Amino acid sequence: MKKDLDEIDTDIVTLSSFILQEQRRYNQKHKNEEGKPCIIQEASGELSLLLNSLQFSFKFIANTIRKAELVNLIGLSGIVNSTGDEQKKLDKICNDIFITAMKSNGCCKLIVSEEEEDLIVVDSNGSYAVTCDPIDGSSNIDAGVSVGTIFGIYKLRPGSQGDISDVLRPGKEMVAAGYTMYGASAHLLLTTGHRVNGFTLDTDIGEFILTHRNMKMPLQHSIYSINEGYTAFWDEKIARFIAHLKESTPDKKPYSARYIGSMVADMHRTILYGGLFAYPCSKGNNGKLRLLYECFPMAFLVEQAGGIAVNDKGDRILDLVPKTLHGKSSIWLGSKHEVEEYINFIK
């Protein structure tokens, strides 16, 4: 019995306390130029409050998804979203949860959501803009596949009252980004430009607990994640590269394919184990994934974890500038070795 008690870790760190600790560390560092680097870039506490509001929405969404089938939230809502996809019932309710949480915290001035055609301007004095895909992978949710919420945060430009120019900016100007994956457990990955930390929701106490500190992607792993059903529509170089990954030689084993069809689930595995995730352009389009609330946040996380994120041409994702709220891009992101191999292959 004593042995069992000794194995229980009671030195837990919640997301709320982690955010406050990092803010205090920032304040202390800038008073005496000592102390460890921290993740919270703004010492006013406004970003801390915003992150706490986000985690509330993630808890609410996680609870809603767990009960979805029992309370008839599975299926279509009959509404078409900003990108032309027919909304699931869960898309709508989780979008409402997210927007309500952002409007009520007093720190958020602008909201961009996949489910909303236009920019939402909040009646507040907030200094931040939040971009979000409330439920990524919702087309698979009826089958019980893991889905997630992806988010990014910009600080408004100096002197701005809040307009579209505050979000039509390069991804490298985001101050925070992350996602929450809703599966067997709810897993939250967060960065504010200094490391990536992972949290797991303990449903008994209702708190996200720090479980993965300072996450780093493996430099190489022989797994790729891509929808090969579109092979016939890819550029020839891209098709040849994927074929190259599957080649077997005396010196190289073929790569294994792992594709779930939910970006958050596929990327969670890729960040933990390494490898490559890609969603290239099909002929005649500019890609499927949206820059502001899919490509940028994931690229921000991947780079902070030691990986690389580029588009079909090999251009850095975080250097791109979206032309519209729902502008799209191709994307290749993952371990340093795999993405560099792709870049060298297409040159």
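Cβ coordinates are placed from backbone N, Cα and C, and glycine is handled just like the others.
The AMP binding site annotation in Swiss-Prot covers ILE19, LEU20, GLN21, GLU22, GLN23, SER44, GLY45, GLU46, LEU47, SER48, SER127, TYR128, LYS155.
Its Cβ placed at the centre, GLU114 (Mg(2+) 1 binding site) has 25 other Cβ atoms within 10 Å. In the three-state DSSP scheme, GLU114 (Mg(2+) 1 binding site) is classed as coil. The Mg(2+) 1 binding site feature in Swiss-Prot is assigned to ASP85, GLU114; the stated evidence is similarity to another entry.
Residues or ranges marked as Mg(2+) 2 binding site by Swiss-Prot on the basis of similarity to another entry: GLU114, ASP133, ILE135.
Annotation comment: Swiss-Prot describes ASP133, ASP136, GLU294 as Mg(2+) 3 binding site. Counting Cβ atoms from all protein chains shown, ASP136 (Mg(2+) 3 binding site) has 26 others lying within 10 Å of its own Cβ.
Cβ-based neighbour count (10 Å, all protein chains) for GLY229 (substrate binding site) stands at 8. For 136-139, 227-230, 258-263, TYR279, 288-290, the entry in Swiss-Prot reads substrate binding site, with the evidence type similarity to another entry.
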Coarse DSSP state, helix versus strand versus coil, of ILE135 (Mg(2+) 2 binding site): strand
Greatest C-beta neighbour count within 10 angstroms, which of the binding-site residues SER139, SER262: SER262
Of the binding-site residues listed as GLU114, ASP133, ASP136, GLY229, LYS288, the one whose CA lies nearest the CA of GLN23 (AMP binding site): ASP133
Other C-beta atoms that fall within 10 angstroms of the C-beta of ASP133 (Mg(2+) 2 binding site): 31
Candidate binding-site residues ILE19, LEU47, SER127, LYS288, pick with smallest Cα gap to ASP136 (Mg(2+) 3 binding site): LYS288
